[in-house]
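A.B. asks: For reference, TrEMBL lists these features for the protein:
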TRANSMEM  A:6-24  transmembrane segment
TRANSMEM  A:36-59  transmembrane segment
TRANSMEM  A:65-82  transmembrane segment
TRANSMEM  A:94-117  transmembrane segment
TRANSMEM  A:137-159  transmembrane segment
TRANSMEM  A:171-191  transmembrane segment
Amino acid sequence: MSISTAPWVWISALLSIAILSFLYRDNPLYKFAEHLFIGVANGYAVTFYWHNILVPALFDPLFRQGKLLYIIPFIIGLLYFTRFIPKISWLVRIPIGITIGYYVGASIPASIQAYIIKQIQGTILTPYNFQTWNAGTMGVIWSVILFIGVLCTLSYFYFSKAHKGILGTTSRVGIIFVMIGFGAAFGYTVMARISLLIGRLQFLLGDWLGIIH
Amino acid sequence: MKLTDFLIKLTKIDRRVIYLILAAVVILPLIFPTVERVRVMEPVEKLFNAVDTIPPHKALIIDFDYEPQTQPELEPMGIALLRHAFARHIKVLILSLYVQPLGLAQKALTQVTEEFNSEATSRADSIIYGRDYVFLGWQPPPLIPMLGMGVSITNVYQHDYYGNKTDTLEIMQGIKNYNDIALLVSLSGSSLPKSWVAYSQNRFGVAVAAGVTAVSAADFYQFYQTGQFTGLMTGMKGGAEYEEMVESKLGIKKKRKASEALPSLTYAHLVIIIFIIIGNIGYFIKRRSK
């Protein structure tokens, strides 16, 4: 056992314990560590934005190098601050509109292609689909299960008709698939949370206390 | 006391007792380590093979996008990937799409380069900044590098993280845009790997793989199944599998943080499953007795 003598390791360890103390109950130590983390993270981000983005990409070209075209993004950016002046606060819609327009224009075709068309292709039963899946001897079986699962799950979310007869059966099968999905997601969530605990304990027992190597 | 009463009493156990039991089963395997065999699954194997077959004239991009909250799961993946790439002398471009991961990316880079350089006997063996790898840093918002690197990487990242002009670096002489990138691996606790698929792969055809947290794994498997991800690592288990591949295929025997954590992870899961079963039995007994 060799306890660390590095001050930053001690600070990290004490703050980690402060955060973990929430498991007992809410307390001032936890609140202090939580606020400190959020404050430091935001402070780091703001200074980084200023020194690495705003100054080299906007202020230097505009005010030092005299590139006057940069006045347009500068003014549009400034319009965000009109939110604080009630009389002209409507001007904030201009930069928001430009930002949303840019993102929507870029994301709609990309999202349709990547998230809808490709995913539908991955569900359709075709010989090509069976080959590219490359899931070994069980590939065909899993393809069929996937196909049935997607159709039954979709039928469960079809509310324009009463869930009776065939629709009743398929929607009940759909619920099973949805439950399996939730179960998998829950299992992964448990794994993720335990992993984070392990990570912290590796730090506390290793880097700080030197019990594990 | 009857068994049924005992089981009902167990359902009312204080949550802090459960925390203590969980802490014990996590801590003990860390202090007294046991060997646990890591079985490598297909998604990780495919990722390993994709990295392993990168030709010398092409490069690997690693997007380090994990923050302190997700570091325990994703850092072992990043370190294992770097070990693999440096061992094979693959050119590596490192970037982050957010601010917080920058420090963690630099930490991982420093650790792995020091590992390699401490054993190097010549300049050719060493891992040299600007020749073997470059830390491009951060360029917001994420959409800009995702789309912009399809045209010119040095235009998007005119300066690297340390302030060097990127077009003067040796590594960037043969790398212009996505055409020179064999694989892009996104290590992220958010939905960014999907965005890489939507904007970079969809538009420019670059191969994308991902290392993701376990909590978000269920959202990503369908992208692996459709072939949109070349490979996939999920959670600490995914990191352990890649570490296993690096050690068994390349003979690199270094600290394996994810693999060392697997026994704790296994026992913690067992304890949680036992508590869920006890809770359910108690619930059904209570319902029947009403």
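Each residue, glycine too, has its Cβ placed from N, Cα and C.
I'd like these features described in context: how deep, what's nearby, how far apart.
C.D. replies: A Cβ distance under 8 Å defines the sequence-distant neighbours of the transmembrane segment (A:94-117), meaning residues of its chain 6+ beyond its ends; these are 76-77, 79-80.
Proximity of distant same-chain residues to the transmembrane segment (A:171-191), defined by a Cβ-Cβ separation under 8 Å and at least 6 residues beyond the stretch ends, is recorded for 148-149, 152-158, 163.
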A.B. asks: Which residues of the same chain, at least 6 past either end of the transmembrane segment (A:137-159), have a Cβ under 8 Å from a Cβ in it?
C.D. replies: 123-125, 129-130, 167, 170-171, 173-175, 177-178
